[in-house]
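Taken from TrEMBL, the feature active site applies to B:Asp67, B:Glu135. Under the heading Mg(2+) binding site, TrEMBL lists B:Glu63, B:Asn132, B:Glu135. What TrEMBL records for B:21-146 is domain 'RNase III'. Taken from TrEMBL, the feature domain 'DRBM' applies to B:174-242.
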Number of protein chains: 2
Amino acid sequence: MGILNKIFKKSRQPEGDGIFYNQMKALLGFAPLTIDYYQRAFIHRSSNKTDENGNAINYERLEFLGDAMLGAVIAAHLFSEVPTGDEGYLTKMRSKIVSREHLNELGRDLNLIKWVKSKVSAQHFGENIHGNLFEAFIGAIYLDRGFVYCEKFIFEKVIVPYVDIPKLEGKVISYKSLVIEWCQKGKKPFHYEVYEDNGTEGQKHFGVKLSIDNKVVAKARATSKKKAEEKASQRAYFAFQEKINKK
Amino acid sequence: MGILNKIFKKSRQPEGDGIFYNQMKALLGFAPLTIDYYQRAFIHRSSNKTDENGNAINYERLEFLGDAMLGAVIAAHLFSEVPTGDEGYLTKMRSKIVSREHLNELGRDLNLIKWVKSKVSAQHFGENIHGNLFEAFIGAIYLDRGFVYCEKFIFEKVIVPYVDIPKLEGKVISYKSLVIEWCQKGKKPFHYEVYEDNGTEGQKHFGVKLSIDNKVVAKARATSKKKAEEKASQRAYFAFQEKINKK
């Protein structure tokens, strides 16, 4: 078991080598220039690493930097995306997007934890490590490539897949409940079915299909059953909207 | 009086013309590309301006944007400037730098209020208008030229003249009190004298000279007597430090 664990850990934590570089490049969608920044973004304080001046080397300072960059990028996005929103609205929406819960979800979905170098085992990290790693990773991007690349990464990995403004506004709390309500009103039978449950350590994937009137109307994959159901519901909802608008 | 007021107002508030463009260029230290953003940064909500879709045109949304950019630029500066500071230290230092009081001081020193377009008179603005205008102005720079120009402006106008890390750390509360203490210990007579009191509407300037042992050791100019005294004390303090270090 001990040997298996070691092999497993080794393959998951490459040492500043070509594997890590390629993984980072794939995650970023562009080439890292200074790989050290990304390495630092995964060093847990328990490693007790220090530089030649005795300053701690871990990802905690990068969190501070990444948090600030994330805040600025989301602010700029909301500013241009919602021209009707006043200062209070923009502030409220931003805090929803960068909430601890949301950042943890982002970090977890990107499975950042698999690169962590630590002297304590993963069970001791606590839930917030996912969000902290996400912030630190943004901080590393800023140091490596500057603000515009932070913007590019946040747009692709946060804004496009996660920022659903009507939902954040609370106008739509759950697409699943909208779909169920719509089916019940129309007396249509509906059914959510898990067709895929692909669980590997750290990164789980679920596939869910939604049938209405015994026909599959939408499919979606996500990191939890609940999220996959919600995604499938959203797709079904937008497909219905389109149909209604065409009539 | 009414006519004088009108003439005065007109000369202070040019209408998107060459004068305003040149004033902005001088303040920015680079050429604005889209002057409209800077014009918007001075439109007070009392103007009740709206665009063709009925959205309000004033500087309040720009405050949100500028606040975020300022936070990011200061974060990046502190991150690189204080490699020994942990996340908590960096967060605390940033909030001191971007405190409401500090932003009001910055906006007041740049005399941004002179460009405000408003339907209410300046007495009704309240103290925070200075900081709000400063934030909105940063927001306009972001829209016009992007993050790197925000950084450049904030560096020149905020960091270099205002960000004194030892003082912010509370290690030095007041250079004036340090100088007085030092004089009293050495039984040296000292004297602060206002040699200039140049008060024009909106932009006041005071010149203060500090004499020790009946010799002028430092001079400084600032927008208040207190600030000029502090600046002169700081200069005297650093001059003494240099002397001491040479010995």
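Even glycines carry a Cβ here, placed using N, Cα and C.
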Per-region confidence, the domain 'RNase III' (B:21-146) (mean pLDDT, whole number): 94
Cβ neighbour count (within 10 Å, all chains shown) around B:Glu135 (active site): 25
Spatial separation of B:Glu135 (active site) from B:Glu63 (Mg(2+) binding site) - C-alpha basis, Å: 5
Packing count at B:Glu63 (Mg(2+) binding site) (other Cβ atoms within 10 Å of its Cβ): 24
Interface-adjacent recorded positions, chosen from B:Glu63, B:Asn132, B:Glu135 when a CB lies under 8 A of chain A: B:Glu63
Near-site residues: Mg(2+), ref B:Glu63, B:Asn132, B:Glu135, CB cutoff 8 A to centroid: B:Tyr59, B:Glu60, B:Leu62, B:Phe64, B:Gly66, B:Asp67, B:Leu103, B:Gly131, B:Leu133, B:Phe134, B:Ala136, B:Gly139
Euclidean distance between Cα atoms of B:Glu135 (active site) and B:Asp67 (active site), Å: 5
Cβ-Cβ neighbours of B:Asp67 (active site) (radius 10 Å): 24
In the chain carrying B:Asn132 (Mg(2+) binding site), residues 6 or more apart in sequence that have Cβ under 8 angstroms from it: B:Tyr59, B:Glu60, B:Glu63, B:Leu103, B:Gly107
Number of helical, extended and coil residues in the domain 'DRBM' (B:174-242), per DSSP: 29 helix, 29 strand, 11 coil
